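**Student:** Can you read through this structure? Questions will come right after.
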Amino acid sequence: MVDIIVDFEIKYKDAMARVGKFKTPHGTVTTPALMPVVHPGKQTLDVKKLGAQIVITNSYIIYKNEELKKKALEEGVHSLIDFPNTIETDSGSFQLSVYGDIDITNEEVIKFQEAIKTDIGTSLDIPTAPYVKREEAENDLEITIERAKEAANVKSDLLLNSVVQGSTFPDLREKCAKEISKYDADIYPIGAVVPLMEMYRYADLVDAVMYSMRGLPENKPRHLMGAGHPMVFALATAMGCDLFDSAAYILYANKDRFMMPDGTLRLEDLIEMPCSCRVCCEYTVDELKQMDQKKRAKLIAEHNLHISFAEIRRIRQAIVDGELMKLVELRCRSHPFLLDGLRRLMEYKEDMERLNPSSKKSAFFYTGYESLARSEVPKHLKQLENIKPKNKNLVILPHTRKPYTKYVNREYIKKYTPKIPTYYSNTTNTDYSNSDVVVADIPFGIIPLGLDEFYPLAQNESPSIHDLDSKRFIRDIINNYSKKYDNVLIHRKVIEKFDITNFNLIEDELQLPEAKISDFNRLNDIADYQFGCGAGNALFGGDEDKITIEKSRKTKKIRHVFEDNENIVNMRANDGFLILSDLGAKRLHKFLEYPHNRVVVSEDSEPFALKGKSVFNKFVLDCDENIRRNDEVLIVNKDDKLLAFGKALLSSYEIKDFNTGQAIKTRKWKKEIE
């Protein structure tokens with residue numbers, strides 16, 4: 001028996017999406033990837049030339065056709081369909097769902113797929129239609145699970161798909177995913193969702209996918225079966241789907257339909273060709289209409305594949321740039337029912353956040369109230385609790401240009417005129433000279449001045465004309481945050497913008513604070529926000545006189561922090577994160593209780609970690625569940641001895657599941673650790 005195991009590695013992350021690579025006997029596939037459906041006896045398009053790294057064909061059709069079967073057994077499926085790269089084969093489950101029965105067993109179809117030398121084979125699952133009775137779904141599920149187990153035992157020279165079923169019962173989807181994961185398949189398709197997409201039930205599709213994801217491992221690719229329209233690719237990718245298969249490109253073409261990233265166009269309605277692909281550049285609408293139907297269908301199918309592959313490429317780039325959710329929101333606004341799907345996805349904020357990177361290359365653009373559910377917003381509100389009040393008074397100012405510390409003092413403090421009532425308060429107090437100062441803004445609500453250069457609080461934009469949902473959201477944040485203070489003073493613009501009540505106009509002269517923050521206090525706020533309450537004091541000791549701060553000559557931002565000429569931390573220029581140095585790592589390790597911020601490595605990995613070598617996933621024994629990609633982490637052994645420190649390349653959940661690839665990019669000790 002040849003033990004073939006999928007080798008999958010994540011390269012880039014955004015939301016739950018992954019740009020990754022997995023190896024097969026016939027090549028490496030970059031995900032997300034589209035698998036065009038290739039009919040074993042009818043294919044006319046060169047899908048490899050159009051961009052296909054991987055295709056899917058039906059082993060049952062080959063099995064039932066004696067001529068195709070003979071050639072496949074003698075020459076292999078790659079020769080049969082003339083495709084040299086990775087091939088996945090379906091098992092006949094689709095025919096089973098259509099005709100109710102097929103004349104091949106689960107074991108036979110696995111053995112046949114091995115015999116024709118496919119790269120990825122599929123067990124004979126039971127596709128359960130949406131909205132069936134629960135008893136039927138449960139019975140089908142048990143058969144699917146049993147067949148997944150049988151396939152894992154039977155297969156040898158084959159990468160194996162195990163399909164998640166469960167109809168429209170979310171708990172059954174999760175149960176199936178957990179059960180089939182026990183048998184360590186190589187890829188996990190999510191099946192029987194085509195009817196949901198055909199009925200535009202995208203909210204139910206999101207439930208089916210997200211509950212499936214809860215039970216699936218992070219270290220294997222996931223395939224959304226039958227998802228062939230480019231308008232759904234971005235949403236599905238954001239949920240963690242890596243592979244898609246499409247017969248839609250030819251099915252739509254046969255009906256003179258042009259697929260686009262935001263919908264479908266009918267040839268009969270067009271006066272201009274819709275894109276800049278070869279077909280649309282070389283042919284006019286009238287020429288296509290006058291053409292033989294078969295030739296026309298082939299050309300439209302080529303257009304459809306071009307659009308589909310272009311969308312996959314755009315999604316990959318959006319993941320690399322940290323802009324996937326902006327693209328998802330754009331795509332989902334192309335159809336009301338897709339927007340239903342996005343709004344249902346908002347209910348899975350915790351699932352999304354645990355896999356979302358802490359920092360990204362691109363700014364956060366607020367495009368509608370759905371943006372409020374993006375992982376960055378709830379994470380900020382959670383981390384905001386790490387910063388405790390320093391005074392009993394709070395002053396809330398409107399947003400200005402960024403960074404706020406450069407402009408709010410000039411705009412709202414120095415321009416204050418006692419004769420013109422400008423502020424509202426919850427008390428009669430007029431002395432706010434000693435106050436915490438924050439800015440109220442969409443989408444993050446409350447931004448302390450010390451965090452105004454930290455990602456994503458410094459890197460975000462929202463429209464100047466605000467929607468009611470965001471106003472209500474920010475108002476609730478302001479009201480809850482204000483409860484921490486005895487006296488709260490709010491600028492009139494904030495009161496009016498967010499319709500805040502229960503605050504009275506102050507007509508007496510006020511003593512206002514200077515809306516600035518010292519570099520030392522900024523460092524403490526960032527440390528508390530990034531690592532946990534009290535981390536600032538642990539790192540910097542509470543004595544400002546002992547700390548030396550070096551700034552960039554060009555930007556005037558903090559770059560390096562020292563105590564007695566020994567580097568504690570550095571500040572990353574692009575996102576404001578604190579990067580630990582030797583002394584900072586030691587102090588943070590001493591302060592934080594186990595397992596906070598820690599990655600525990602095996603004994604074999606200890607000497608390499610001490611030398612500053614990267615930590616690989618297979619050597620990680622445990623890690624703090626709150627670790628996210630791009631976080632600064634401490635590397636320790638099982639006895640909690642500090643070995644090294646560095647940047648996480650994956651979230652804790654991914655680190656625990658993966659046995660290949662890097663987990664931590666380790667920073668080298670400047671001095672040998674004691």
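Cβ coordinates are placed from backbone N, Cα and C, and glycine is handled just like the others.
OK, Swiss-Prot features for this one:
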ACT_SITE  ASP90  active site, nucleophile
BINDING   ASP125, ALA192  substrate binding site
BINDING   CYS275, CYS277, CYS280  Zn(2+) binding site
DOMAIN    596-671  domain 'PUA'
**Student:** Let's check the environment of CYS275 (Zn(2+) binding site): how many other CB atoms sit within 10 Å of its CB?
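**Tutor:** Around the Cβ of CYS275 (Zn(2+) binding site), 16 other Cβ atoms lie within 10 Å.
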**Student:** Distance check, please: Cα of ASP125 (substrate binding site) against Cα of ASP90 (active site, nucleophile), rounded to an integer number of angstrom.
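**Tutor:** On Cα coordinates alone, these residues lie 10 Å apart.
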**Student:** Between ALA192, CYS277, which of the binding-site residues has its C-beta surrounded by the fewest other C-beta atoms within 10 Å?
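**Tutor:** Least crowded of the binding-site residues ALA192, CYS277, by Cβ count within 10 Å, is CYS277.
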**Student:** Taking the mean position of the Cβ atoms of CYS275, CYS277, CYS280 as the Zn(2+) site, which residues outside that list, in the same chain, have a Cβ no more than 8 Å away, listed in sequence order?
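**Tutor:** Everything else in range on the chain: MET273, PRO274, SER276, ARG278, VAL279, CYS281, HIS303, HIS306, ILE307.
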**Student:** Just to verify a number: CA distance, CYS275 (Zn(2+) binding site) to ALA192 (substrate binding site), in angstrom, no decimals.
**Tutor:** 32
**Student:** List only the single closest residue to ASP90 (active site, nucleophile), chosen from the binding-site residues ALA192, CYS277, CYS280 by CA-CA distance.
**Tutor:** ALA192
**Student:** Work out how many Å separate ALA192 (substrate binding site) and CYS277 (Zn(2+) binding site) at their Cα atoms, rounded off.
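**Tutor:** About 32 Å separates the two Cα atoms.
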**Student:** Determine, from DSSP, whether the residue listed as 'active site, nucleophile' sits in helix, strand or coil.
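**Tutor:** Note: the residue listed as 'active site, nucleophile' is in a strand by DSSP.
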**Student:** Including all protein chains shown, what's the count of other C-beta atoms within 10 A of the C-beta of ASP90 (active site, nucleophile)?
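**Tutor:** Neighbour count, Cβ to Cβ under the 10 Å cut-off: 26.
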**Student:** Taking DSSP states H, G and I as helix and E and B as strand, how many residues of the domain 'PUA' (596-671) are helix, strand and coil?
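**Tutor:** Once the DSSP states are binned, the domain 'PUA' (596-671) shows 17 helix, 28 strand, 31 coil.
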